[in-house]
Amino acid sequence: AGKKRPWKCCDEAVCTRSIPPICTCMDEVFECPKTCKSCGPMGDPSRRICQDQYVGDPGPICRPWECCDKAICTRSNPPTCRCVDEVKKCAPTCKTCLPSRSRPSRRVCIDSYFGPVPPRCTPR
């Protein structure tokens with residue numbers, strides 16, 4: 001396992017329960033970061049995954065929101081998603097945060113994200 005985390009962010013971290021944890025980021029990407037030593041193929045030939053392990057915190061999430069109740073996603077696997085939730089403040093990972101059309105005091109992150117459907121913010 002490397003001393004420096006080979007990814008900037010990770011949405012699908014798989015970590016051991018040890019302290020500190022040993023983590024692998026299972027995010028599917030078109031190109032692995034330059035810091036990744038072992039970049040392997042996925043089922044889809046256009047996607048790759050960094051197979052490096054890192055000892056410690058897997059780092060921040062990549063998607064532009066932490067959770068989403070109203071996700072609009074493509075049917076691809078993994079999907080491309082947008083979140084149309086109206087929030088008080090967009091997540092720090094959101095690049096384009098605009099006022100809601102229906103409620104200007106609320107905000108909507110209009111970024112698209114390629115990866116797993118985000119978790120819900122409120123339980124069903």
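Cβ coordinates are placed from backbone N, Cα and C, and glycine is handled just like the others.
Listed features, source Swiss-Prot:
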| type | residues | note |
| --- | --- | --- |
| DISULFID | C9-C62 | disulfide bond |
| DISULFID | C10-C25 | disulfide bond |
| DISULFID | C15-C23 | disulfide bond |
| DISULFID | C32-C39 | disulfide bond |
| DISULFID | C36-C50 | disulfide bond |
| DISULFID | C67-C121 | disulfide bond |
| DISULFID | C68-C83 | disulfide bond |
| DISULFID | C73-C81 | disulfide bond |
| DISULFID | C90-C97 | disulfide bond |
| DISULFID | C94-C109 | disulfide bond |
Among the disulfide-bonded residues C32, C68, C121, the one whose Cβ has the most other Cβ atoms within 10 Å is C68
Reduced DSSP state (H/G/I helix, E/B strand, rest coil) at C36 (disulfide bond) is coil
With C32 (disulfide bond) as reference and a Cα-Cα limit of 10 Å, the qualifying disulfide-bonded residues from C50, C67, C94 are C50
Check: min Cα-Cα distance from C68 (disulfide bond) over disulfide-bonded residues C10, C23, C109 goes to C109
Closest by Cα to C9 (disulfide bond), out of the disulfide-bonded residues C39, C73, C83, is C39
Keeping only the disulfide-bonded residues of C39, C62, C73, C83, C109, C121 whose C-alpha lies within 10 A of that of C15 (disulfide bond) yields none
